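Per TrEMBL, the feature NAD(+) binding site maps to 8-13, 33, 38, 86-90, 127-128, 161, 272-275, 342. Annotation comment: TrEMBL describes 272 as active site, nucleophile. According to TrEMBL, the feature domain 'UDP-glucose/GDP-mannose dehydrogenase C-terminal' maps to 328-452.
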């Protein structure tokens, strides 16, 4: 029996290993993490992350060939294949601060693997890492190997939160990068054999290490670029009276472009897009490619501009002040069908409104109150740390309350900001909501999911990103 161990029980490690266990019943899979509460949650009925379909997969395998443990060293020592899926946040200080990936946790994992290993191992990069990380990890393992052979593979994940289980069941491709040596090719084949239990062989792409590492950064950069491109168009649409949804539909019909990732919004979020682009920028700068670095920087700048523009629309529409006004925030996760708030645009929007002294009432069906308070009160450098290294409890912000449903959030509010495209927000009783709000009542749709005409018939003043402006808004500045 092949034994697999995954270091890191987060959004990537947990779901990926659960699906491998389900599809490969003869392989023993152990997910390890030093953060005990997370392991306890994985072994309970309340999993630490929300992902459609994940609970069913875990329940089918847990205790059979899928295990979750905090005994990291024991299971790493026993494994044939070790996946490393630890956090690689952007550095906040020192060389490359604000752009380079912080590989502290990766290096720590590599040294531990070298220390405890008593047999040859295949070590698989699952975290998103800079190009040439494998080389650095290889050196650490080789210099501490005590005669044991390690083969390093890059196997980047291409999961989209909210559809991660389906992405794992039917991936567009599985990418495996390794050394172009007999030993490297043998290691690639071993991992390929695992995925071949359920993934068609023609969808398993084998490359050299550097191509695999760069492909992950490039994929996220291209996706983020599409979002920033359509968001840049949304600003122009508002200025000219065009409708960004119609423009997106028209250009998406071109088969060379395609329709995906062309929805204008308040901005992209998630753990990877911004981090990976900044990482790409740093690699370009280190290689003297200033023009290339500047090109990718602009993708992030447009994303920040979109959030600022949205806040300015809210404030300027409401008589140029939201001080003391209750604003309902519908949705805090970075997208629907996930509880993940990493880099969610809601953080920037809420902080912008709080800076103008608004009173926020926040509702999200999957994000707990503590997480919202933590995101709004803690510095990003603290949020990027593993859970056991963060401050125990966040400082509550007086101007922020988290509520249990949308009706409670909107009662007595002056305006509503829709920041996550949860399906339930489309079917709320907006006549009831309008009756219970201050007048004039505003809706600021940051996801273009609302029925704008219906809301205007009820009496709302509506701003929808990239759509023709409400008469009320036409004389308001787009940027304060």
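Cβ from N, Cα, C; glycine included.
Annotations in TrEMBL come from automatic prediction, not curation.
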Same-chain residues six or more away whose CB lies under 8 A from the CB of residue 161 (NAD(+) binding site)?
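Expected: 11, 51, 270, 334, 335, 337, 338, 340.
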Reported as an integer number of Å, what is the Cα distance between residue 272 (active site, nucleophile) and residue 90 (NAD(+) binding site)?
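It is 10 Å, counting Cα to Cα.
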Under a criterion of Cβ-Cβ distance under 8 Å and sequence separation of at least 6, what residues of the same chain contact residue 274 (NAD(+) binding site)?
90, 224, 268, 300, 303, 343
Does anything in the same chain, at least 6 positions from residue 33 (NAD(+) binding site), have a Cβ under 8 Å from its Cβ, and if so what?
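Result: 7, 8, 9, 10, 13, 39, 68, 70, 72.
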By the count of other Cβ atoms within 10 Å, pick out the sparsest of the binding-site residues 8, 11, 87.
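Counting other Cβ atoms within 10 Å of each of the binding-site residues 8, 11, 87, the minimum falls on 87.
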Summarise the domain 'UDP-glucose/GDP-mannose dehydrogenase C-terminal' (328-452) as counts of helix, strand and coil residues per DSSP.
43 helix, 19 strand, 63 coil
If you average per-residue pLDDT over the domain 'UDP-glucose/GDP-mannose dehydrogenase C-terminal' (328-452), what number do you get?
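Value for the domain 'UDP-glucose/GDP-mannose dehydrogenase C-terminal' (328-452), mean pLDDT as a whole number: 90.
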For the recorded positions listed here, 90, 272, which shows the highest count of neighbouring CB atoms within 10 A?
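Sorting the candidates by Cβ neighbours within 10 Å, the top entry is 272.
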